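A.B. asks: Here's the feature list from TrEMBL:
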type	residues	note
BINDING	GLY61, GLU62, SER63, GLY64, ALA65, GLY66, LYS67, THR68	ATP binding site
DOMAIN	1-188	domain 'Myosin motor'
Amino acid sequence: SGIVLVAINPYEQLPIYEQDVIYAYNGQNMGDMDPHIFAVAEEAYKQMARDEKNQSIIVSGESGAGKTVSAKYAMRFFATVGGSASETNIEAKVLASSPIMEAIGNAKTTRNDNSSRFGKYIQIGFDKRYHIIGANMRTYLLEKSRVVFQAEDERNYHIFYQLCASSSLPEFKDLGLSKCWHIPVPCW
């Protein structure tokens, strides 16, 4: 294991992830500035460029800790320092599947209204100039037990509730969702 960063989700937007903060961490050595996801991303980026070896950043934590957001910030850092941010919105492209995956794989728990049921492995490809040229996201279904069981005050996969809530729309008529009456559908 290498560098470990402990981040706490403040549950509100803070001005510590802006473009100017990315540029402040760009080119800095680990430990020269405050601990930050951008410091970890900069270290991985530098080692990739210097050693020409693959690097990994593992983002781990409890439900609601901000793992997906931390991964987004790391990708934003790579896109910005690699000169890719203005050419293509890599971060948006890589995470374009996220809303679909979240609808299918996220659930409401007693601690988090949008708790992921998927582990994600994102592989980012760089060219010889260290610009992002593409990415691949693999997902792994976690907590398979929630498919067949849910605790009190929890809700499994959002997509089923969204489909049932939309069952009266004309475009959903052919899906045969008229039997959703027994599922409590939350107001969103």
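The count begins at 1 with the first shown residue.
Using the three backbone atoms N, Cα and C, a Cβ is placed for every residue, glycine included.
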A.B. asks: So if I draw a 10 Å sphere around the Cβ of GLY64 (ATP binding site), how many other Cβ atoms end up inside it?
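C.D. replies: Its Cβ has 15 other Cβ atoms within 10 Å.
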A.B. asks: Might you list, by sequence position, any residue in that chain lying six or more from GLY66 (ATP binding site) with a Cβ less than 8 Å away from its Cβ?
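C.D. replies: Those within reach of GLY66 (ATP binding site), by Cβ under 8 Å and sequence separation of 6 or more, are ALA7, ILE8, ASN9.
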A.B. asks: Name, in the order they occur in the sequence, the residues of the same chain whose CB lies under 8 A from the CB of GLY61 (ATP binding site) and which sit 6 or more residues away.
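C.D. replies: Result: ALA7, LYS67.
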A.B. asks: Which residues does ALA65 (ATP binding site) neighbour through Cβ under 8 Å, counting only same-chain ones at least six apart?
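C.D. replies: The list for ALA65 (ATP binding site) reads ALA7, ILE8, ASN9, given in order along the sequence.
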